[in-house]
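Pulled from Swiss-Prot, these are the features on record:
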{"type": "BINDING", "residues": "G10, S11, G12, M13, I14, G15, D34, N96, I119, T120, N121", "note": "NAD(+) binding site"}
{"type": "BINDING", "residues": "R83, R89, N121, R152", "note": "substrate binding site"}
{"type": "ACT_SITE", "residues": "H176", "note": "active site, proton acceptor"}
Amino acid sequence: MARKKIALIGSGMIGGTLAHLASLKELGDIVLFDIADGIPQGKGLDIAQSGPVEGFNAKLSGASDYAAIEGADVCIVTAGVARKPGMSRDDLLGINLKVMEQVGAGIKKYAPNAFVICITNPLDAMVWALQKFSGLPKNKVVGMAGVLDSARFRLFLAEEFNVSVQDVTAFVLGGHGDTMVPLARYSTVGGVPLTDLVKMGWLTAERLEQIIQRTRDGGAEIVGLLKTGSAYYAPAASAIEMAESYLKDKKRVLPAAAHLSGQYGVDDMYVGVPTIIGAGGIERVIEIELNKEEEAAFQKSVGAVAGLCEACINIAPSLK
């Protein structure tokens, strides 16, 4: 049986980390792509040389020609410009939209059957544009945001309660930005909803709100500390979890920026929602019931994403 092929489009910090994690899990052979020739080849060689030490068998190669991604089963897109301190994800829109146009054309030509995971920011608008530029089926193009945002929420909760991260489930809806909606009612510690833990006196409603706000600011906190770029270990781990669920048909329930066509009252937009990811790509969007407050927060988030999509159309009218 031939090994699966994973194409990593963009070989910066996330791209290199993705290549290492995919190798360690032996998900398939890996092609690192970047327009900066030499970087993907160098990183590929470096990671391949860790194989004898770490005991994995995976072929790694680097390229600066899209022909190298031909026939890829999975494409993970990180190409584009990362945030610097003081920038919002939305500030990257104009530059990264042009990158998505080139990436979309490359995937359309060489890997039209791939499952595509987009990480480039501003995430929800970029994955929407990438799907349109590539023409791939909507269930095969998805954005990585919810797994990462939920992981941040889970970590902060685990630290607050001094419990294992494995016993914390967390739920984040909406766009990957300042308007994301971490849902306390659907997030649990040992199966007990956070709203019940507040009633039990484990934490105050004010403290919970602080943790929710830190989750929203999770990426900016790291950007502020690094000063020269943005997060890469946790984003890469999050995308690998999604890719693995697709490649192994695990049917994991994972939050992702998925294409909505009527669900949650949203049409032709990518927004973070709970999904089932299996061999068919996004096999199902799970619609949960929202109360008035949650619905209002979700619609505010949807509005922010819609504004970004409109800005994309102004730059590239072909997206209409």
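Glycine is treated like the rest: Cβ placed from N, Cα and C.
Distribution of Swiss-Prot features across the structure.
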residue : record                       : CB count, 10 Å
G10     : NAD(+) binding site          : 26
G12     : NAD(+) binding site          : 21
I14     : NAD(+) binding site          : 27
D34     : NAD(+) binding site          : 22
R83     : substrate binding site       : 22
R89     : substrate binding site       : 26
I119    : NAD(+) binding site          : 27
N121    : NAD(+) binding site          : 28
R152    : substrate binding site       : 24
H176    : active site, proton acceptor : 29
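In this structure the residues listed as binding substrate are R83, R89, N121, R152; their two most distant Cα atoms lie 18 Å apart. Within 8 Å of the centroid of the Cβ atoms of R83, R89, N121, R152, where the record puts substrate, the same chain has further Cβ atoms from P122, L123, H176, G177, G219, A220, V223, S230, A231. Rounded to a whole value, the Cα-Cα separation of N121 (NAD(+) binding site) and R89 (substrate binding site) is 6 Å. Among the recorded positions G10, G12, I14, D34, I119, H176, the ones whose Cα is located within 10 Å of the Cα of R89 (substrate binding site) are H176. According to its DSSP assignment, I14 (NAD(+) binding site) is helical. Nearest by CA distance to G10 (NAD(+) binding site), out of the recorded positions R83, R152, H176, is R83. Across the structure, D34 (NAD(+) binding site) and R83 (substrate binding site) place their CA atoms 18 angstrom apart. Considering only the recorded positions G12, I14, I119, H176, R152 (substrate binding site) has H176 as its nearest partner by CA-CA distance. The separation of the residue listed as 'active site, proton acceptor' from I119 (NAD(+) binding site), Cα to Cα, is 10 Å.
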